[in-house]
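Presented below is the structure to which this report refers.
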């Protein structure tokens, strides 16, 4: 049985969600502060135990990897909380965000079918509610697509878990390694269910609508925190030794996602929609690394998604500030109107493009290294082509950011958004100079 200290982050997030939900109808401002306190407290609890001895229960692993990625999920949750405005329509937003974060923390430590499914569905159901809270047409459309596709993905995942249990007699994920026919079908269904959460082609249709129609907090969490948790689950399953169809499927999804995601993003003039389609390509890079089976692939996948999270949060924050229906021309001269927002957007886009000196540069480097180590030459060629396309359309936006415009200065940015933009930019630049600070932690966390 895990110790109280190991369960403390889960307890804090669960208790915070219930308390924030009770406070929301009459004291929505207090609900935001409760959510912020619970997220910070859970982050501190995870950070203080990073170097603690590993533990294991039937449902959850209490190891360094779950603590590190759980910490990133909580920090991304704090960043997503900055998108919730006190005067917004979402009184229940803080509580729902805590529930989604709780699901992410559970998923990072999942070693059993029950905890895997529970973590994924906590994230999905909380995000569905967050998506539709504004109750306008774009939000309802985004929520509807996410709900329908999420239900199909959940059914697919459950069927995979059921077949795995039928083949092995166990619901522990480590028992799913093998070459039996039933396990082959189980691995294929598991991959399809998780591919939806990671937004791999052809399960990506919800992503552009989520980034443009859903509230900023929901889009930020779906794009950053939830994907950190899902990649952690993929890394754990990848280590089990699943049938060959797992690697084959990952490689196929990866190649198509890199190509179609970047080509679709290339044609977008809207900031948020471009970020939505490009996130499909970024998911493809991660899947490509894991498909190789290279020794460095798990560390590369985790490093990439962790460095991707602050860049996406910063870019979505700026997109929310200027209006997520904004077109590329509306970014013209933003660095002169809102210096912090413009600088943060430029740093985020440079990192997403994988250019020096940014965290994203080393993210691309470790992915390419894993592809070379695994001799996945076709995937490497697609990844290089996708990166070149990405650099082109990201730099299109960056060029406009610094172009002088006669528009007057915009209103000041609120302090939660200033804090998010400043912290995200600092992380992007710090990891662009010292990637070893994170990479060493990830390598130490892997078995």
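The backbone N, Cα and C atoms fix where each Cβ goes, and this holds for glycine too.
Among the features that Swiss-Prot reports, transmembrane segment is placed at 4-24 (among others).
Taken from Swiss-Prot, the feature transmembrane segment covers 27-47 (among others), and the record attributes it to sequence analysis. Only residues 6 or more beyond the boundaries of the transmembrane segment (27-47), in the same chain, are considered here, and those with a CB under 8 A from a CB of the stretch are 5, 8-9, 12-13, 15-17, 19-21, 67-68, 70-71, 74-75, 77-78, 81, 84, 86, 91, 94-95, 97-98, 101, 105.
Outside the transmembrane segment (68-88), and at least 6 residues removed from its termini, the chain residues within Cβ reach (under 8 Å) are 9, 13, 28-29, 32, 35-36, 39-40, 42-43, 46-47, 50, 94, 97-98, 100-101, 104-105, 108-109, 215-218, 220-221, 224-225, 228-229, 231-232, 302, 306, 309-310, 313, 316-317, 320, 414, 416-417, 419-420, 423-424, 441-442, 445. Per Swiss-Prot, the feature transmembrane segment maps to 68-88 (among others); the stated evidence is sequence analysis.
The feature transmembrane segment is assigned by Swiss-Prot to 92-112 (among others).
Per Swiss-Prot, the feature transmembrane segment maps to 113-133 (among others).
The feature transmembrane segment is assigned by Swiss-Prot to 146-166 (among others).
Positions annotated as transmembrane segment by Swiss-Prot: 181-201 (among others). Remote same-chain partners of the transmembrane segment (181-201), defined as residues 6 or more beyond its termini with a Cβ less than 8 Å from a stretch Cβ, comprise 120, 123-124, 149-150, 152-154, 156-161, 163-164, 166-168, 207, 226-227, 230-231, 233-234, 237, 242-246, 249-250, 253-254, 256-257, 260-261, 279-280, 283-284, 286-287.
Same-chain residues lying 6 or more positions outside the transmembrane segment (245-265) and placing a CB less than 8 Å from one of its CB atoms are 184, 187-188, 190-192, 195, 200-202, 204, 237-238, 274, 277-288, 290-293, 376, 378-379, 382-383, 385-386, 389-390, 393. Here Swiss-Prot flags 245-265 (among others) as transmembrane segment, drawing on sequence analysis.
Annotated transmembrane segment per Swiss-Prot: 280-300 (among others), in sequence order, evidence recorded as sequence analysis.
Swiss-Prot lists 302-322 (among others) with the feature transmembrane segment.
If one looks beyond the transmembrane segment (342-362) by at least 6 residues along the same chain, the residues whose Cβ comes under 8 Å of a Cβ in the stretch are 278, 282, 303, 307-308, 310-312, 314-315, 317-318, 331, 334-336, 387, 390-391, 394-395, 397-398, 401-402, 421-422, 424-425, 427-433, 435, 439. Residues annotated as transmembrane segment in Swiss-Prot: 342-362 (among others).
Annotated transmembrane segment per Swiss-Prot: 376-395 (among others), in sequence order, evidence recorded as sequence analysis.
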Same-chain Cβ contacts of the transmembrane segment (113-133) under 8 Å, 6 or more residues past its ends? 59-60, 89-90, 92-93, 96-97, 99-100, 102-107, 139-140, 142-144, 146-147, 150, 154, 157-158, 161, 164-165, 171-173, 193-194, 197, 210, 213-215, 217-218, 221-222, 226, 229-230, 233
Can you tell me which of 4-24, 146-166, 280-300, 302-322 gets the most C-beta pairs within less than 8 Å of the transmembrane segment (376-395)? 280-300
Sequence-distant residues near the transmembrane segment (280-300) by C-beta distance (under 8 Å, 6 or more away from its ends) are 195, 198-201, 204, 207, 227, 231, 234-235, 238-239, 247-248, 250-251, 253-262, 264-265, 308, 352, 364, 366-367, 369-371, 373-376, 379, 382-383, 386, 390, 439, 442-443, 446
